[in-house]
């Protein structure tokens, strides 16, 4: 019969002693060159896509509304006229969706003109004004709402018949750069227009967006409270820094307090479930009486629900107690590594601020993609066509509508009333426009790949810095002078390709998840339960795969930073090393997660509570210089402070988490490479040596001196 395979051999042989190894390898060569070349070629293509988008794109159509002639409001010749006025906005309301009108103004079959301000009062052309001139009725009364170029001596009735001037005005507010009537405004006597039309067509838009009022109030609140928000973020920064640095003193007691707290919460849950189960059992409330129902809250009134919860919590409590009893040695090792990580961060304080570099690089990646996508979406040559408000009028039958025209040469003295050369849209017949979808896909792939590469760069750089701390035998004397900058230069010089390789693998999985989410969203209403179940299984599998790849990449980058091998070899060595110490991996991972979760909760919760009491004016007696500002939305600076505190805490604790993972891999390598002899001394701290019951041999001369 075959021999039983040794579990250690199944996951590779332990690392061998190397007398020349003294931490991160200095003499290394470039790794994954093919992937490096591919990444640089892709980046060059990404830059080319951006240049093409910049040449052909026109994002002004998104930022500024257009009038009937295609000219932008708010820039150029209309610089002092930032708002768009519809002569009869209710033709838009009655023919199309108001949101579509807000996005594509010329979908409305009515003339549109740029104005310096929206009308403030209701007005309509009186019967006795029809015989007067445009100059008398409009220009003299400061109603500059006619189309450009309308002469002042033109009769009003002619300007109205040709739709060169509006027949009525309503008090309006600017929203999305366009003048929208107030929902409760008084409507003049115009056919097919009533208060109901306004309420149905305008109220929804203004109530949901209320763009101008809300944006102004938000701006005012930020102007009043920005320095207090910065103060709150400063508090978050100090709390995060103190928490990381004090872990060397309180990591052990804090971890045990947290573990006891979790056990206590589970114990209370068991007690509560038992009380509920006993009461319902005495009442005879059983699931057999309830039967099957889709009302999930009804199941809380039957004894079986509480019995199942009781059993589940009891099992979890038992598992945690057994782990605490039998894995206490490994928990002590995890705590010692956390304390060592705190010392490492204290020795290299610059690592705490490296997330700022990552943040700036991520901001560049996202901003470049957003601008490229915007320019691509607005690429194409503008197209102008002939248009008239009423093609059934006499004289319009001879005009070929929707034919191309020049907006700089508007039709003059045409037999067709209101004939204009208007902007219709952008041509989609060019090479760029035909390839628009493919270019956008290229941009999305570039976004994912560059973001994952930037994150990988940060992990590898931090791993190189912290590895140099662990493998310094005499700390801090043997630590390099600039460990972070040295690791940064070393990573960029030799391992750009390896980082790109790992980032590409993760990107492909994330793209697959995004496609699956898109398909699920599109087919959600038409799927049967079986298809929904299959889709859910696929999504779950891809989610698990993404988590595993992130975990594997993270440890592969640590091995790359230390040994300078390519991505595949580093990933294999890291995986084998972790599998040979799987129990220690699980314990350290969970203890670290628990500690960092508590740290984030402490920082974010503390800043949130402090901000709430300050901005709601509940902290009294601090003097005039510390009075809370008067705000429209007091929750706005509170939420901003909380989100900022979370970002700051995540940045600090991501560095700490990377430090723990790096020191852990170095610790495992140290155990396999060395034995504590004079030739092969351990590099780990004295606390870890004491926990493991190991020690380094001391030269005979040092022993005599100690005596």
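Just so it is clear, glycine is given a Cβ too, placed from its N, Cα and C backbone atoms.
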Candidate annotated in Swiss-Prot as N-linked glycosylation site, out of 27, 184: 184
In Swiss-Prot, residue 283 and residue 676 sharing a membrane side: no
Of 250-270, 271-291, 334-354, the range Swiss-Prot labels transmembrane segment: 250-270
Folded-back contacts onto the topological domain 'Extracellular' (520-557), same chain, C-beta under 8 angstroms, at least six residues removed: 456, 459-460, 463, 499, 502-503, 505-506, 509-510, 512-513, 567, 570-571, 574-575, 578, 658, 661, 665
DSSP-derived helix, strand and coil totals, residue by residue, for the topological domain 'Cytoplasmic' (474-498): 15 helix, 0 strand, 10 coil
Cβ contacts of residue 142 (N-linked glycosylation site) (under 8 Å, same chain, 6 or more positions away): none
Cα distance (Å, whole number) from residue 402 (N-linked glycosylation site) to residue 67 (N-linked glycosylation site): 17
Beyond the flanks of the transmembrane segment (636-656) by at least 6 residues, Cβ under 8 Å: 218, 221-222, 225, 228-229, 232-233, 235-237, 239-241, 243-244, 247, 341-342, 345, 351-352, 354-356, 359, 462, 596, 599-600, 603-604, 607-608, 611-612, 615
Entry from the glycosylation sites list 67, 402 having the most other CB atoms no farther than 10 A: 67
Contact between the transmembrane segment (595-615) and the transmembrane segment (250-270) (at least 3 Cβ pairs under 8 Å, separation 6+): yes
Candidates 227-247, 250-270, 307-327, 356-376, 453-473; stretch with most C-beta pairs under 8 Å toward the transmembrane segment (33-53): 356-376
